[in-house]
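Q: Not my notes, these are from Swiss-Prot:
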CROSSLNK  K11  SUMO2 cross-link
MOD_RES   K11  N6-acetyllysine
MOD_RES   S22  phosphoserine
DOMAIN    41-125  domain 'PNT'
MOD_RES   S215  phosphoserine
MOD_RES   S240  phosphoserine
MOD_RES   S251  phosphoserine
CROSSLNK  K284  SUMO2 cross-link
CROSSLNK  K298  SUMO2 cross-link
MOD_RES   K298  N6-acetyllysine
MOD_RES   S319  phosphoserine
DNA_BIND  335-416  DNA-binding region
CROSSLNK  K399  SUMO2 cross-link
CROSSLNK  K417  SUMO2 cross-link
Amino acid sequence: MSETPAQSSIKQERISYTPPESPVASHRSSTPLHVHTVPRALRMEEDSIHLPTHLRLQPIYWSRDDVAQWLKWAENEFSLRPIESNKFEMNGKALLLLTKEDFRYRSPHSGDVLYELLQHILKQRKSRMLFSPFFPPGDSIHTKPEVLLHQNHDEDNCVQRTPRTPAESVHHNPPTIELLHRPRSPITTNHRPSPDPEQQRPQRSPLDNMSRRLSPVEKAQGPRLQQENNHQETYPLSVSPVENNHCLPSSPWQESTRVIQLMPSPIMHPLILNPRHSHSVDFKQSRHSEDGMNREGKPINLSHREDLAYLNHIMVSMSPPEEHAMPIGRIADCRLLWDYVYQLLSDSRYENFIRWEDKESKIFRIVDPNGLARLWGNHKNRTNMTYEKMSRALRHYYKLNIIRKEPGQRLLFRFMKTPDEIMSGRTDRLEHLESQVLDEQTYQEDEPTIASPVGWPRGNLPTGTAGGVMEAGELGVAVKEETRE
């Protein structure tokens, strides 16, 4: 009879005994602890989730029917209350956008379990891809169970929550949409929780280097930090743009924000870096060394630490080429107008100004005369360039059989020779003629026509006829427009 009370006492002690959860247990919320949520979270962290075969794709690729089947499977697997599937009429991409509060709103009795289950499935899928020298298994994937002990059913707070591991960062990164969880506990140069020494492995990941830099004073501030975090239970959604094709670290005042970064796929795409690529990442505000320190030797704050975690799944800049900028018309080693026109015709950026009508026949059209004149003036550093002046320079080439205007067609021209033929045929004569006329007509740069000056005998003009004077004037203006640097 004496053994029965002893045995019952031992059993009672086994049931009532609970291991210490954290050094900050005294700062928990006054709300009673819901013990039934803890075993579920721990069980999902420790055990593998065996989904049906048709649900073993990444959740981002789930269809609406797959989401409904997943809800039905979870309801049976975990003995949950009936889940209204019409509250989750969405595909896998949309499902990943939901916060824990969204899950609770759609399913008040089972939303928290569904959310944790989804996170564990994502982590389990990604863990098969991340075991590499750059992703140590002990540091990158698994988290100690005691770190994940939930205090109550209504608040999404942890006793000592470590920053998001690379696995958690990666599974929120589909090809064109980027979800980034902010840690619940802000880690700045003034507030840092104490790291778990058991989590420091011989193999070091970028996150390990940060935790080793914490001072004893900073470790002692963990209880106060947890008390502050009890008031941060909402996680609003916000859209964060990408500036200059770099993933910008958020400010320390936005640690409770769940950020969704939308990025066009042709410019930026996610890439799991290996050691070869890890040294080529350029963050906008600071560049960090491998041990998690900035150039001044000070430990970096939360946003920079999250950047280091994001090295495991970084958005690599794929900057569009500079040619997509607005063309300014400057072309190197191009002095003459006919050559400049050829260069513009060969560049698709200038099709709004000038383009080929028939490339085989060398027929081209000036689409925007005034715009083309501005390009030519910019190339020659002439702000007062107009199409009237440029057209006189074009007419100069009529006489040399280089360019001809198409009869009866406005702004339609034809090259009579290829650039090689022009350069090899009459280049010397062209240079000599342009140089000679330039010397005689320098002072008449902006005159539309050339008239005989008072007191200047007609015989001293370049040619002896009035028509010759006009031709020489046109030639002089054309040459002046081209040769003035």
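Glycine is no exception: its Cβ is also placed from the backbone N, Cα and C atoms.
Predicted, not measured: the structure shown is a model, and the values here were computed from it.
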Q: Looking only at the domain 'PNT' (41-125), what are its DSSP counts of helix, strand and coil residues?
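A: Summed over the domain 'PNT' (41-125), the classes give 57 helix, 0 strand, 28 coil.
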Q: Please work out the number of neighbouring Cβ atoms within 10 Å of the Cβ of K417 (SUMO2 cross-link), leaving out its own Cβ.
A: 18
Q: With DSSP as the reference, give the number of residues of the DNA-binding region (335-416) in helix, strand and coil.
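A: The breakdown for the DNA-binding region (335-416) reads 36 helix, 16 strand, 30 coil.
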Q: Can you tell me the CA-to-CA distance separating K399 (SUMO2 cross-link) and K417 (SUMO2 cross-link), as a whole number of Å?
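A: A Cα-Cα distance of 13 Å.
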Q: Should K417 (SUMO2 cross-link) be counted as helix, strand, or coil on the basis of DSSP?
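A: DSSP assigns K417 (SUMO2 cross-link) to coil.
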